[in-house]
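Sequence annotations record features per position, and here TrEMBL assigns region 'Disordered' to 459-550, 609-705. Under the heading compositional bias 'Acidic residues', TrEMBL lists 474-496. Taken from TrEMBL, the feature compositional bias 'Low complexity' covers 497-507, 647-663. According to TrEMBL, the compositional bias 'Basic residues' annotation covers 517-531, 624-633. According to TrEMBL, the feature compositional bias 'Basic and acidic residues' maps to 532-544, 634-645. Marked as domain 'HMG box' by TrEMBL: 545-613. Taken from TrEMBL, the feature DNA-binding region covers 545-613.
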């Protein structure tokens, strides 16, 4: 038997929503990786208490119960996979995979059982439905009635918001059954109540998303943001990742908290909480706990009294309470020495941080893209100027992110980084050996981070000099194509990371005045003449036959009005999607009819193209003959003019000019002038009537007389 079982496109039920991902069962336990968030759930084999196989809406499902009361549900299995899973559970987990079908009688009375994190409503021995108590946001009681309210699910089109249970009165040792029911729910429910004192409070922190200044109160199980207008309570269980990112100016720090599900403000959803700190701001912090409690709870990660930079204190406290690693930038360094790149995303300018396992953009809107969800990246020439370029990322789900207005000096560093991470580059095409080598079930968090150590590293760095800011080709604009995969001299001079370093080091010892002429000389020397457009490249002939349409386009033109009438008010995009679905669902016989029409159109097009090409060739031959004839005539006329001009010049040079006043002109001078003008007139008349027949001998004789 295999040591591992893997399943693709499995859905995990979390807080009422179905998250797709990959499931792997091994000797050590069960691992599920969420495709959307990259979050990994790891259940150790020793923690498994029960496994249940049942029929659900998406086929068949697997429900796992652990010894500490947690429940995990996975849907999307096929019925044929039961035997394989059952044998695997027996061999490696020593568990029987029990088959339990849900009751579908439709009765609305039965027995409620509380087991771990689940409320199960049963009829006899069969469950009708189950409610994860972590979904409950509020529980209220009335006379013989208990009302459960649930958290809103943003991913679902329709959310269940409330369920009411009628509890019949009983007399059992004076215990009120309604209160007992409510207490069982509240003990496991996700009801946030700010009872007791906060562990610590950070006052007036600058928050970029959501915007404003907030007091942050740290409680054992949740984070409380208190502002002038809004309050947010964020359970630590919703925190996915923590990021600590240095600003490009080296004077500020971003602390980013990734949330799933997001916090809500009206209809706005905030998936990231972004705090901005000044590095110079220090704080002395005292936790509202005694030293024994601090040691027992945090195991040395925090102490009762701490002092240091404000961003350090916040990051240390959050790391200890959330129990998540803090992601910091890797070893990437941009052109100016910073660990980020200035760029624009959508309408706002911000900073793009290349991390060890992804990219993050701050701050408006914040974007986090993991390497394992990237299909390919693309380097594109800037739309308005050649001094910048665009960096495009497309994910496997088809989402595209375009980071524009990146300085071209950053190209070499960013290209080397992407190349080192073995991401597919669209410009270059897919090459062998570029396949990503990531563990598909590995978490996308980074290694352990020590805020003090990071601070020492930051302070120990010396900022690079600004000599690299003026690269040799900074004032030069060329028309070369932007192909980063090809080794072209012009592209290397503009975008290669080595070009600026070599040029600045060579001119470093000379004065500013000496640099300018040298730079100009180099620009003139390296400038290449513009390539003349080949004559063969002509515009499209409007008289040429139109290309034939495909079978799909013929069908779409015929069916467009019908689709519009069936779906009034449908947009162009939705119409295209709907047409694609209808074409895909069409039977093979109907498609063959349109294929025949497309074939007929193609034959007609080929026939028309043959006739058109024959006609165009005849026209081109006729035009070439006329061109040659005209050139020959121009050469003949030019030769005659040169010959006559030479004879007139020699005759005028022989005329006596000594002893004559300026106003007097000799007979020879005047006649030569008249003859030259007559010759020029004759040349003009010859050019105009070049195609006319030569004069007859009688005309020439009368003319001489």
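Backbone N, Cα and C atoms are what each Cβ position is placed from, and that goes for glycine too.
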Could you give the mean pLDDT over the DNA-binding region (545-613), rounded to a whole number?
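87, rounded to a whole number.
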DSSP-wise, what's the residue breakdown of the domain 'HMG box' (545-613) into helix, strand and coil?
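Per DSSP, the residues of the domain 'HMG box' (545-613) fall into 56 helix, 0 strand, 13 coil.
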What are the DSSP helix/strand/coil residue counts across the compositional bias 'Basic residues' (624-633)?
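Residue counts in helix, strand and coil order: 10 helix, 0 strand, 0 coil.
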